[in-house]
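Contents: one structure, followed by commentary.
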């Protein structure tokens, strides 16, 4: 009985949080719009969505990792390494088909992710430590393969740069890819056995193992998937900005984790929804796009972003505590 | 399970080694040491020590230095450590001292760290100058500086005014808000803008892209949205100028909004060729090396002592004067070098 009550409350909480987040985004948009009417113009909204596409792709991957009680700090470096290798390949073979360049990036990312997956699942190293080590290793490899040089716009073929500027069915390719990945994830985590097993493993690893879930397989899967998405994001990043540097995406992993936490994913595992994460990414996108528009001093800009993340986390904790207390009260009765 | 552990550990090990190797071998070819002994009586030997090997900027700097030394019929010794470390430079300077070169020109890896070895060189009668990246005033006779902040700031406003016909809104896209170089240049830009000829130009905003691609792009987009009549963006930083140019290119605003500033020719080649940036600036490493070579020669020939007010002829570049700075004295190369459609092809592969 109490189990049922708890699950109902959790469901309510999940919904409430998402509506709260959506409301917050709407409120923020109104404030920005009042201060600068250019914000809700079609041109600016297109910019906003395009700039949020890569973040949301990565945030969806990170969500699965966080749900299993893990964390991946190496994705910024994986992004740089796969973007750099793709760019170097394009520089050497300008006639390379852009799809092949994307594939190269994904393969590099999958390999990086699989190494981390192995370290976490088979060797049993804590994810935060394993990914921290690999972050440095991948970053070093990026400098090594590039010889510390940048790959610049003129060294990339037009077809490669067009990945980010072209459109499919009237939608910018970056956004299109993000939508496809969103639909896939929504189906995967809600409707497949493996998807549900990820949540089960995150909410209670011990009982998940006892109930026959192959935890190693799940860990391998989430980290490899994260790696593959980082690889894809790396190629899109390089194509979007038409430049590959060794320090690309340095520190970006924290932005991605922030998007997840804003979206209601719990660092303690087991909790997180695809739509929430998407809203979290959109909120950060609105902040990145809107704060420059309202002429906030650069010193305040970071502070405001940080404050909003803190408010979201505090809100999460308070709501959760209230629900738990209510549950305890019910049990007494 | 055990085997997996072993394999995984090995993989981490290999990765770490690879990464470490990357740091060591990334710099490419070894230093071009011209260490011929003997015959030192007839020709004067001038040495230059750059930060590390395989740096395209450094190669060009040393090329300029060599040109200058050959013109005065000296012998140039070009050296650089494999890694950009102080230790590597100290070792090379020790060698040069024992070779009794006439002068040492150093692009330092550390402002203070080379003081003992350079003082030793000065005590042995070797002339010591720094170039590109300075050492402290006590360990050099004079510094050859590429960048006169005033000239850099002013020239960007002059260029912008020429590009947009002297009227319209302009914005600056800088690196971080604390970047001291950029802030100093922007101060000079504002001073230049006070002149009456720029009355019709208005600096609407200084935005900060933090030298990050994504942030620089967002800031550029915000500038375009907030100021639909914006005529020019000045970005005195490589990532900023390239990101701004990319946004203008993607939005098809060529000709409506011009971009100029300071940037690496390789990063900007695309946008100079497509006309988004009619021209932009950076220092010319060959000229800088050449001026360093001429300064070294002037010191050795005792035309100057490195004191404030000394003047000397630097070959093709004309006459230069030694000026005082906060720490020691320096020679300023002068206006930055202009990169445009006509010369970008030869520079884009250089650095």
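Just so it is clear, glycine is given a Cβ too, placed from its N, Cα and C backbone atoms.
Residues or ranges marked as transmembrane segment by TrEMBL: A:21-42, A:48-66, A:73-93, A:99-119, A:126-146, A:166-189, A:218-238, A:250-267, A:274-294, A:300-319.
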Study note, to complete from the structure: If you count CB pairs under 8 A between the transmembrane segment (A:73-93) and each of A:48-66, A:126-146, A:166-189, A:218-238, A:250-267, the winner is A:126-146
Point to revise | Contact between the transmembrane segment (A:274-294) and the transmembrane segment (A:166-189) (at least 3 Cβ pairs under 8 Å, separation 6+) | key: yes
**Study point:** Candidate ranges A:21-42, A:48-66, A:218-238, A:250-267 - greatest C-beta contact count to the transmembrane segment (A:166-189) (under 8 angstroms)
**Key:** A:48-66
Study note, to complete from the structure: With the cut-off at Cβ under 8 Å and a gap of six or more residues from its ends, the chain residues touching the transmembrane segment (A:99-119) are 72, 74, 78-79, 81-83, 85-86, 89-90, 125, 127, 130-131, 134, 138, 160, 163, 219-232, 234-236
Practice item. State the residues, same chain only, that lie 6 or more residues beyond the ends of the transmembrane segment (A:21-42) and have a CB under 8 A from a CB inside it; answer 'none' if no residue qualifies. Key: 262-264, 276, 279-280, 282-283, 286-287, 289-290, 293-294, 312
